[in-house]
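Chemist: Pulled these features from TrEMBL for this protein:
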- ARG138, MET312: substrate binding site (BINDING)
- 243-371: domain 'Alanine racemase C-terminal' (DOMAIN)
- LYS40: N6-(pyridoxal phosphate)lysine (MOD_RES)
Amino acid sequence: MADAATESSWCEISVPKIAGNLLSTLKRMPDNTQLCAVVKSDAYGHGIENVVPLLMEQNIGCIGISSNAEARAVRSAGFAGRLLRLRTATPQEVKSAIGDRIEEMFGAPAAVRSLIETLGQEALPKLHISLNAGGMSRDGLELSTARGRAGFFEMLELVPDQIVGLCTHFPSNEPVELAESIQRFHDDQAWIFTNCDLRRQDVLVHAGSTLTLHSGQDPKADMMRCGAILYGIAGPRPDFQSALALKSRVVSIGEYPKGSTIGYDRSCCLSEDKVLASIALGYANGYSRRFSDGGEVLIRGQRLPVMGKISMNTIVADVTSLPAIDVGDEVVAFGQQGSQVISSVAIEDLTGTIMADLYADWGQRNARVVIQP
Ligand SMILES: *Cc1c(COP(=O)(O)O)cnc(C)c1O
């Protein structure tokens, strides 16, 4: 783990906040619904090794991942329970992760056929059939067409003993659309349990994510798969809190006269004399060029404007209003300092994307400094 004292840009990860978010999530789960805790993209940038022990403490039975590397990280952290891949994998990918006992998700008979060709019938992992009930049209099987229904029977015939789950993913949690998707998923299940040998009690039915949980609508599944909420993305304060802060340090301070231009393309020109601080953060750390107009940082508890274009490894802030500043001062680009906060709303407005996108990016591009309880 990195040490904040020697880093010049880092993600500060709060384990207690993730633990709090997890407890608040468990309290909100509908009756008789388990949580599949999603840790894809290295736990949305927070580090799988920081999250898995919390999940084990709460006896979470299922963890959702995407890549084989993530599956290995979850196993290395000591989790022996159910590991679910949240997308279809290639046969080669499945084959190289057999030892990690991943349950795989499939929605196309052709993909199941090539899986059998590569692995042989004996080595097949447990499988979940993914349905396109909500209309993601990503990798789910579409049961509204005769072809899709024939495909379902074909999959059952190919892997009669491997199917342990039925699932779907909702593309929209807008109330009317979500209600429609839930109904569609129930209709699909009714058709399945009426028309084939698969029995309801033999499969785990799962659907829904963070926004479904927030919607208050209950998909009446055995399990919901939630990621974002664990990391404080969406969810009312104070029950849910951001567990990641993006931080950096002042590396240089200079006085520049009126008329000086700042950064590439001279996009910013000083209308008066200023004190400017150079900060060791840039687009290589995921502090995107979209912060070029309107970005703000916190230094010594004060909110300060970012000036000029974002460089690869450096940004410049106007620190003229600060009574004192030193090289090495901590800079908050996202998160809290004193009574000030750079909020998710501000960041999402400025960047035009969602926090999950940014967390996944920041978490990979910066050292992580972990706050333990
Ligand atoms: C990422 C993912 C989830 C979790 O979504 P959140 O919005 O982060 O809760 C659930 N299911 C699938 C299939 C996913 O890919």
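Each residue, glycine too, has its Cβ placed from N, Cα and C.
I would like each feature placed in context: is it buried or exposed, what are its neighbours, and how far apart are things?
Modeler: For MET312 (substrate binding site), the Cβ neighbour count at a 10 Å cut-off comes to 11, with all displayed protein chains included.
Broken down by DSSP into helix, strand and coil, the domain 'Alanine racemase C-terminal' (243-371) contains 28 helix, 53 strand, 48 coil.
In three-state terms derived from DSSP, LYS40 (N6-(pyridoxal phosphate)lysine) belongs to a helical segment. Its own atom aside, the Cβ of LYS40 (N6-(pyridoxal phosphate)lysine) has 20 Cβ atoms within 10 angstroms in the protein chains shown.
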Chemist: Which residues of the same chain, at least 6 positions away in sequence, have a Cβ lying under 8 Å from the Cβ of ARG138 (substrate binding site)?
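Modeler: When sequence neighbours closer than 6 are ignored, ARG138 (substrate binding site) has ARG87, HIS169 within Cβ distance under 8 Å.
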Chemist: How big is the gap, in Å, between the Cα of MET312 (substrate binding site) and that of LYS40 (N6-(pyridoxal phosphate)lysine), rounded to a whole number?
Modeler: 27
